[in-house]
Structures are given as C-alpha cells and as structure tokens.
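Asks: For reference, TrEMBL lists these features for the protein:
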DOMAIN    54-92  domain 'Zinc finger Sec23/Sec24-type'
DOMAIN    124-359  domain 'Sec23/Sec24 trunk'
DOMAIN    404-502  domain 'Sec23/Sec24 helical'
DOMAIN    517-604  domain 'Gelsolin-like'
DOMAIN    631-799  domain 'Alpha/beta hydrolase fold-3'
ACT_SITE  Ser670  active site
Amino acid sequence: MSEFLDLEAQDGIRMPWNVIPGTKQEALNCVIPVSAIYTPLKSIPDIPVLPYSPLRCRMCCSILNPFSIVDYVAKIWVCTFCFQRNQFPQHYSSISENNLPAELFPQYTTVEYISSTETGPVVPPVFIFVVDTCMIEEEIGYLKSALAQVVELLPDNSLVGFITFGTYVQVHELGFGLLPKSYVFKGTKEVTKEQILEQMCFFAGKQMPTTGVIEEMQKDPWPVPTDQRASRCTGVALSVAANLLGVCVPGSGARIMAFVGGPSTEGPGSIVSKSLSEPIRSHKDLDKDSAPLYDKAVKFYDQIAKQLVHQGHVLDLFACAVDQVGVAEMKVAIEKTGGMVVLAESFGHSVFKDSLRHIFQSVDDNLGLSFNGILEINCSKDVKVQGIIGPCTSLEKELVAGFDQEAAAAVMARLVSFKMETEVDFDPVRWLDRALIRICSKFGDYQKETPSSFSLSPRLSIFPQFIFNLRRSQFVQVFNNSPDETAYVRMMLDRENVANAVVMIQPSLISYSFQSGPGPVLLDATAIASDKILLLDSYFTVVIFHGVTIAQWRKAGYQDQEGHEAFAQLLKAPHEEANSIIKERFPVPRLVVCDQYGSQARFLLAKLNPSVTYNSDNPSPGGDVIFTDDHPLPAAYEDSWAALQWAASAEDEWIAEHGDVARLFLAGDSAGANIVHDMLLRASGSGGPRIEGAIMLHPWFGGNTPLEGEPEAASVATAGLWTYACPSAVGGADDPRMNPLAPGAPPLEKLGCARMLVCAGKKDALYVRDRAYYEAVAASAWPGDVAWLESEGEEHVFFLPKPECENAKKLMDCVVAFIAGA
C-alpha cells in the first residue's frame, strides 16, 4: 500500500489497477473499471516550477515528459502518445544526456510551468456575495459577522459584488459612496444580460466601503403569513449574479458565493410552493416522479451551469438551515463549475464559520483558490504490446499485484452514486453484491467443494470490508436523509482524494486506554469498553466517545486532581487528534463529544457493526449492545409457518368473509421460494393446512457440491452465503432446507400441495439447480401436478427490476393462469 501512497504524494493520482490489463476480456474480468482518481492542483512539496512554456507535440499537443524518447544527436524527441517525431527548438540546442531540461528528469513526473504567453492585462479576483435575507434576525446577525471577517481576508486587489435577495433581488452599487444605492429586480422571472447592461457599475475594490453594506443588511421586509414559507427567489438571484459576471468580467477568474438559509419558493429554480401544507420533496417523491418542481429546477440550474462554464466562473454554495434549501437541484451548477458546498444547520454553527474562514486562509500570500482552470487529458492510441522476442524477459507482473483497494473502493462509491442518480430502477445493493462476488470469484482462491477454504490475496483482503461499509453508507442508504443531504455528501465524495473518500466509506475508529497507546480498532460493537475512549472519524462528523467508567471519572473531576495526570492526558489526547482533523478539513466536520449510554452515543453506534445485540450470549463486561433486528435465517421459516397457520385458520374476520381457505396458494421468489418448499413439507404433516398450489419463482437452492453444468463460482458463493445467513445449518449448504436433493433430505413425495409451478431464468446462475429440483419433483412419487416455465435470456428474479418487460408480463400471465387452474 505504501507505494500507492508515494505515487499519490508525488503526482496526486491513485488507480485501482496499477498494472493495466492487456486485453479487452482481461479488462472485463477485472470487474472494477480501469480508472484513475486525480487531485488537480494538489499541494506537492518541492514541486519543480519551470519558468517557460511547455514544449508540445506538433501532432497531438502532448508535452515533453520523462517518458519521451529523445535522440540527443539529431535533437529530436518522439511523443509517447502518438509517436510523432518532433524537432527541439533552438533554445534546447544544448540538450544532452548529461544536460537534461527539468521536464526530462525521471523523478519529475509532475511539474508546473510559468507560461510566457501574452494573455493581456490580469484581471484581479472577483467575488460576488449572494445573500439570502429571508431569515430570522439572529441568523442574519451571524451571517453579517462572518461576511465582515471574510471581506477583511480578501486580497487587496479583489473586486467585490454584493447581492441580497428575498421577495426581490437587490444588486448593491458598492462604489457609490455618498448614498447607498441598489438596483431591484423582480423575483418572479429571469433577468437578461441586456437588462444588466443598462446599469454597469456594481463592483467595488476592497478598499471601498464594502463592510458598510454588510452592516446595514436587514431581514427581508415583506411579511410572511403564519401558514406560508418566506418568498425566496434564489434562482433569480443566482441568474442575476451569473449575467452580471458575464457582462463585466467574462473569461476571468470570478466566484459567486451564495449564502442560502431556506428553500426557494419564488420564480425559476423554486423547489416548493409557499404553502406550509406542501412538504419539500423527499427521496420517495423523486422515485415516484411526484415532485413536479424538481425537474424544472434542475433544468434551470443546468442552464446556469452552462453559462458559468462558458464564462469561466464558479458557483459556491453555503446552505445553512434546518430544512432543505435545494442543494439537490443546484448540484449540477456547483459540480460543473467546480464550486464548493457547505451544509450546516445554522450560520452560527462552527461548521459554517470555520469552513468559511478556512477558504480564505492565505498560505505564503496565496489565497489557495483557483479560478477559470482548464484540465486537458491526452491519451495514447489504443495499442498494447503483446510480447517481445529477443534477449529480454517479461516482468511477469500480475494484475492483483497492482491492485489498490482503497482507490477501488473510492471508484466504486463514485460509480454507484452516479448510477443511482442516472439509471432508472437501479438496485445499488444488488449491483455492489454482484460486483464483489465477481471480483472474489476472479481473484480469490478456494478448493473445490470446500467453501471454508476461500481466501483473498492481501492486496484484496480489505476490499470486501469497504464494500460492506459502502452498502451501509449514506451514499447508498438514502433512507432518513433528505435529497439535499444526499446531494451534498455525493458532491463531497466526488471532490475528495482517495484517503478522505475511504474515511467517508469506512470511518476510522481509534481506541485510547490506560493499557495501550492510541490504536485503530474494528468498526464493531466489541470495540466499546467502559474504560476506553473511542475517536470516530466519519469525515462529516468526528465523535469522541467516553466509556461509562471514563465518563464517571471525568464527571467526578479526577482529571483536575493531583496524582491523576495520566487520566488528564488520556482525556486530552483524543481532543487534540480531533482538533487536528477539524483544522485540516474542509468543510469543517461536526464535533460530537458523548458518553456511553448517552443520547449522543447514537452517532457512534450507527456506524458500528452490530455483532453484539440483546440476543448475544455472554457480552463482554463494560461493553455495549446495539438494539437492532436480530433474526437469523431459521426465524424466517418459523415466522412464515406461523403466518400460514394464522391465514388458514380464518380467524380474521376479513379473511373469513372474503377469503377461500380451500384454495390456499403459496408463492415466493428466490429465498422466498426456498421457504415455500419448507412450508410444503411441514403442511404434509398431521394438522397442516391444505394447500392448493405452490408457485416457485427462481428458487434459491444450493449444495456443497456443484451439479453438472452449474457454475462453480455461483455454487461457492451460494454455499458461503447460506453458511453466513444460517449459522445453525447442519452440513453447510447440504442442509435439507438449502439442498432438498441432498442425502437424508425429506422425500419430495411428502410435499403438501396439489399443484406446483417452478419458474427459472435461462441466464440465472441457479438455473441448473432449479431445473434439477423440478425434475426431481416430477420423478418422485408425489401425486400432484408440476409445471415448468423458463424465461429465455433472463437472469435471477429479473421481474423485480424489470416488471414492465415482455418476459415479466408473460411470467405474470402464467402465474395468473396457474392460480385460475388453466
């Protein structure tokens, strides 16, 4: 792993695969895409700065680099991308093997050039502050204080613009010193560049009285009825700012910094109506396409994004409100322009104040902000060296030897987030599970018929943990998160480097105790102990968790007493580490200090694996339990049997009045069909309900030994999953509940139903198992009738993600006909 960290430190790049696959099929077998995560403008210590323009290839415009082939005698260099031969210019005439220009040094794979191209007069940095005034006086006071500090931190040559908005948009003319002057635009419709051109002088230099306008900023004067939201025209205000920059400083470095304290309710870009009776859109509304304003707002902000990109300008958003403000809609404009986003509960919260201050902290008289940048990527032709003949030997590098599992986790997180936003009916958990199964089957080692022998290379050993935590993360599990929060965390994921992305996916957990120094521990409930302090870093939140004994000692004040210096140091250590994390990170994470059994402890417990629950035997003393549903798989069989008996008894009045217990059918898909088989065997006993028919949709069966024609990887994966899901299983995957064809399994002639329909997908990895089950039932002494239906070209339970496809409709028609007795 260290070599990958060194590569990132040197060039700001991490790649899941650092050995490139040689063929298309080999690339497909890798599962995880051949990709790179690059950090532009990464701060690299001692980076060489070359005081001249780069030397470009005359064919593809790539630049001279350490990998170029150089003929020092003929003064020619060959481009490594297009293999074009290029003549060195006159000022490279002294080049030789002992006199290399800096860009040819092997260690200088990343350099910076000071371009000598004349670009005209340099325009100073431009900042337009777009400020929401539809807030309570306390919030406006917090914001005024923060903005006044920011203006003092700006470079002296900066140009500043100031726009406030509420019911109307006000553009303040800062250079008009005798009398405060502003231009007012309606908040119900867009403002064109032509309207902006009529009045031009909106900008002021930093030396002009900018702070006076900030101090005089007041709450929007328009009254708000108690049953309505404030009239807030966020979209129009941002449109005005974009047009203003397009008129005054097109093509120069400028930023729009929007400070928003609530949802937009007026004009283009609004996300909700003014009436409080209408809730703000949720993920469920977006999934059901029942958020009528969402698509219009996204389209509006997409137009603003295109305009800002064309002008070379940036949109930053500081959204500080308990409610949603429309980050999900504005995401397209922020991302496409390379802007920053901060999400906090209040403008008085430390997350906002410290993050804003962090932006304008100068280092060596450098503000640290980049403007109007262009990222150019050149690639080599689609050529791969297949081999070589001569006095040499291959390095024989294996793909897995170049696998960076942290970069791979970051790529998968970005990819699954993107697919969730762009693909209809996309199942992220199933997609991640399938990807993990595929990569484990391709690169894992196992002995045939021995699931316990499965192992992964050390290069891959942590990757399943990353995927496990990614499945549980806020990027995939959007329940209880608003669309704004989801958009925010996904934007931050796309902006951050690999190290921070990994922390977002799998938080780090450090333990502090008297017995040992600070050290990482597993994200598991077993990490909690009464005499330990835990420090959790989940990127957006930093949690300091005190065990109950530590908390009692702290409350008793032992740390302030003589002779307890060690305890005082133990309390201090995690706070110092937390402060160092907060100081280096943007946006500033939320700091939570809590005690075991306290209400704030949920911030830690929500991230831990619930290996210790209220059903666990002999939990560790002083530890903690996580209250979660804890039903091992056998419980599903018992619950289903109890539900079947209840339905068959017709004790419920509605069932007794409208149901016909003489025509009882059982149906299930995948694991549900497995449970149906178990119910049929139980129903054949004395006292069991009479079942007319059973519908087995792609039943989930397996076994320790693959059947003829069954994919070995699928058999191993199924067996491993069964053993994990059902710890009490006897004989592994040959447990009768999992393998009804195993020796010793109950005879199939005891199936307690009159008719059965077995369905399978032709491309399902379980197809062979399902067909074998059908044939075994048909060949048994069971007196009932069994039918078989296979869907050509379909995979496992295809009808769930694709209910409207033709094969799914055919399947449903067959099920209906089966129930009707046709």
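Cβ atoms here come from the backbone N, Cα and C positions, even for glycine.
Just tell me what is around each of these and how deep it sits.
Replies: Non-local neighbours of the domain 'Zinc finger Sec23/Sec24-type' (54-92) in the same chain are 101, 103-109, 113, 378-381; each lies 6+ residues outside the stretch with a CB under 8 Å from one of its CB atoms.
Mean pLDDT, taken over the domain 'Gelsolin-like' (517-604), works out to 93 on the 0 to 100 scale.
Sequence-distant neighbours of Ser670 (active site): residues of the same chain at least 6 apart with a C-beta under 8 Å from its C-beta are Leu697, His698, Pro699, Trp700, His796, Val797.
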Asks: What does DSSP give as the helix, strand and coil breakdown of the domain 'Sec23/Sec24 helical' (404-502)?
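Replies: Taking each residue of the domain 'Sec23/Sec24 helical' (404-502) in turn, the totals are 62 helix, 9 strand, 28 coil.
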Asks: What is the three-state DSSP composition of the domain 'Zinc finger Sec23/Sec24-type' (54-92), stated as helix, strand and coil residue counts?
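Replies: Once the DSSP states are binned, the domain 'Zinc finger Sec23/Sec24-type' (54-92) shows 3 helix, 11 strand, 25 coil.
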